[in-house]
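Dropping the structure in here first, questions after.
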Amino acid sequence: MLFIVVNVGKKKYTLAAQATSGSLVDMIKSFIPPMTHHQHKGQSGRVAVVGGCEEYTGAPYFAAISALKVGGDLSHVFCTSDAANVIKSYSPELIVHPVLKLDKADTVKDATKETSNWLERMHAVVIGPGLGRNPTTLSYAENVIHKAKAMCLPIVIDADGLFLITQKPDLIKGYKRAILTPNVMEFSHLYEKMFGKKPIENEPVVNVKSLSELLGNITIVLKGVSDVISDGEQVLICYGEGSPRRCGGQGDLLSGSMGVFTYWTHQAVEKGNDK
């Protein structure tokens with residue numbers, strides 16, 4: 001058994017359904033757009049990664065390259081100017097935009113405008129890998145979230161993007177195309193911000209569902225030994241074992257991959273509704 005779906009009461013939950021690895025793979029395959037000779041470049045996914053600063057250049061690379069490795073067509077990185085050349089040097093496959101120039105007074109306004117022009121071509125946005133906590137970069141990321149929401153783009157938020165959300169949870173409250181991917185500590189900080197108290201001990205299922213509900217039923221993926229996923233209505237627990245190592249970059253691989261898969265899923269659902 002790899003995946004279970006649970007029904008949640010106040011502090012009780014019971015098994016509602018379960019999925020094997022085979023059935024889960026089949027479900028995921030159904031969302032992947034078929035390869036045809038009639039496709040043009042970009043149709044399988046254009047992903048924007050917002051992050052990357054002088055101190056953190058690896059994280060946006062891992063997120064952007066993983067989006068390509070799982071099947072996306074184009075990966076763009078929007079970062080500070082002092083990080084751009086370093087990120088470019090990691091791979092010729094990435095399109096890197098040095099939009100934030102931290103020594104310029106109007107850089108947030110200018111960077112937001114330039115990024116907005118590109119967002120019109122994107123299918124999903126990943127915010128946070130290597131973002132850092134400089135007030136200027138956080139202000140820029142906040143603007144990008146507003147722009148992405150206005151365009152109804154799926155948004156995956158991780159790392160320092162979650163730090164921003166913890167400071168300003170209303171940024172994504174009620175936006176059901178948002179996915180948060182916190183680890184235990186990031187989740188705890190956001191939970192305390194919203195509820196004014198620590199998460200209930202040894203009750204991750206109840207905690208994740210409750211936080212998702214309070215944030216307007218956005219999807220939360222709490223990473224751990226068993227991943228707990230909820231949109232405030234349904235709760236899933238993933239028992240698929242990953243590496244026992246917990247090293248830098250793993251969450252970035254997940255967020256970049258998720259950027260592509262969330263686009264594919266929304267696309268498949270929308271096409272299904274049209275039929």
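Cβ coordinates are placed from backbone N, Cα and C, and glycine is handled just like the others.
Whatever TrEMBL says is automated annotation, not expert-curated.
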Looking at the (6S)-NADPHX binding annotation from TrEMBL, with N183, V184, M185, E186, F187, S188, H189, D252 already listed, which candidate in G72, G130, G132, G216 is the matching residue?
G130
Return only the integer: C-alpha distance in Å from D252 ((6S)-NADPHX binding site) to K223 (ATP binding site).
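Given the Cα positions, D252 ((6S)-NADPHX binding site) is 12 Å from K223 (ATP binding site).
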For V184 ((6S)-NADPHX binding site), what is the secondary structure by DSSP, using just helix, strand and coil?
helix
Please report the three-state DSSP label of G251 (ATP binding site).
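The residue in question, G251 (ATP binding site), is helix (DSSP, three-state).
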Any idea what the Cα distance is from G251 (ATP binding site) over to G130 ((6S)-NADPHX binding site), rounded to a whole Å?
11
Work through the binding-site residues one by one (G130, G249, G251) and point out the residue whose CB has the fewest other CB atoms within 10 angstroms.
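With the binding-site residues G130, G249, G251, fewest surrounding Cβ atoms within 10 Å: G249.
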Please name the residue among the binding-site residues K223, R245 whose C-beta has the most neighbouring C-beta atoms within 10 angstroms.
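Selected residue: K223.
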